[in-house]
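Peer 1: Please read through the structure below; I'll follow up with questions.
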Amino acid sequence: MSGVCLLIDAGNSRIKWALADTGRHFVTSGAFEHADDTPDWSTLPAPRGAWISNVAGDAAAARIDALIDAHWPALPRTVVRACAAQCGVTNGYAEPARLGSDRWAGLIGAHAAFPGEHLLIATFGTATTLEALRADGRFTGGLIAPGWALMMRSLGMHTAQLPTVSIDAATSLLDELAANDAHAPFAIDTPHALSAGCLQAQAGLIERAWRDLEKAWKAPVRLVLSGGAADAIVRALTVPHTRHDTLVLTGLALIAHSA
């Protein structure tokens, strides 16, 4: 079907969007925070439809609808949901529909991006999610843990003496820690220790899962990283990995063009 497709990935922290052409190439793209002003789409070509992954709830859904209505009120919209099988990926969840739409679209995007390879997909957002995807497209299961920022924020909120450290502050603290080899990898004050400890928890989860998966499958597994906190977590990883930051939008493009 001709015409560009509007793709929207509404996560808990921000909303990413793109226009994809018939070749599934992104014509233009962007992102905005939930609290930010709405983006200006007035100069965009009219899409043939919108494909939406929304894990951020009803308020985000209403905002997305209002944004689309302001530019193309009659635009058809498809709210993507996980299903048993789609675009070459088979859903291994006990109840396939309960898998998050972002994880489902990301699996589809990853399978297309790395055909014929076993994959462990690690996405770093509000939550850190892991998906095990076999080369034949079978999603065999996953893990969900608090994201790096959520870990640090939870410690600050639920302890009497630990500070609340933001990602920006933690990144600066880790830069300082890395510059002082005499103290790495251990910190000598609380903010540095909290930042590094939560980062190492993320890296340890990923590396343990990757090694366990290679052992279970008795085959090489490509570790694919995505998400806003990936830049920081990469610095703590000691295993081979590949970055791909548009897995969900890529998966949405595939879903749209299969419709």
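Just so it is clear, glycine is given a Cβ too, placed from its N, Cα and C backbone atoms.
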Peer 1: Besides Asp9, Ala10, Gly11, Asn12, Ser13, Arg14, Ile15, Lys16, which of Thr90, Thr123, Thr126 does Swiss-Prot list for that ATP site?
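Peer 2: Between Thr90, Thr123, Thr126, Swiss-Prot records just one in the ATP site with Asp9, Ala10, Gly11, Asn12, Ser13, Arg14, Ile15, Lys16, namely Thr126.
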Peer 1: Including all protein chains shown, what's the count of other C-beta atoms within 10 A of the C-beta of Arg103 (substrate binding site)?
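Peer 2: By my count, 26.
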Peer 1: Fewest neighbouring Cβ atoms within 10 Å: which of the binding-site residues Gly11, Gly100?
Peer 2: Gly100
Peer 1: What Cα-Cα separation, expressed in whole Å, is found between Thr190 (substrate binding site) and Ser13 (ATP binding site)?
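Peer 2: So the Cα of Ser13 (ATP binding site) lies 26 Å away from that of Thr190 (substrate binding site).
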Peer 1: Going by C-alpha positions, which of the recorded positions (Gly100, Ser101, Asp102) is nearest Ile15 (ATP binding site)?
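Peer 2: That would be Asp102, nearest by Cα distance.
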Peer 1: To the nearest Å, how far is the Cα of Asp9 (ATP binding site) from the Cα of Gly100 (substrate binding site)?
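Peer 2: Rounded to a whole number, the Cα-Cα distance is 12 Å.
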Peer 1: Between Ser101 (substrate binding site) and Gly11 (ATP binding site), how many Å separate their Cα atoms?
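Peer 2: Rounded to the nearest whole number, the Cα-Cα distance is 10 Å.
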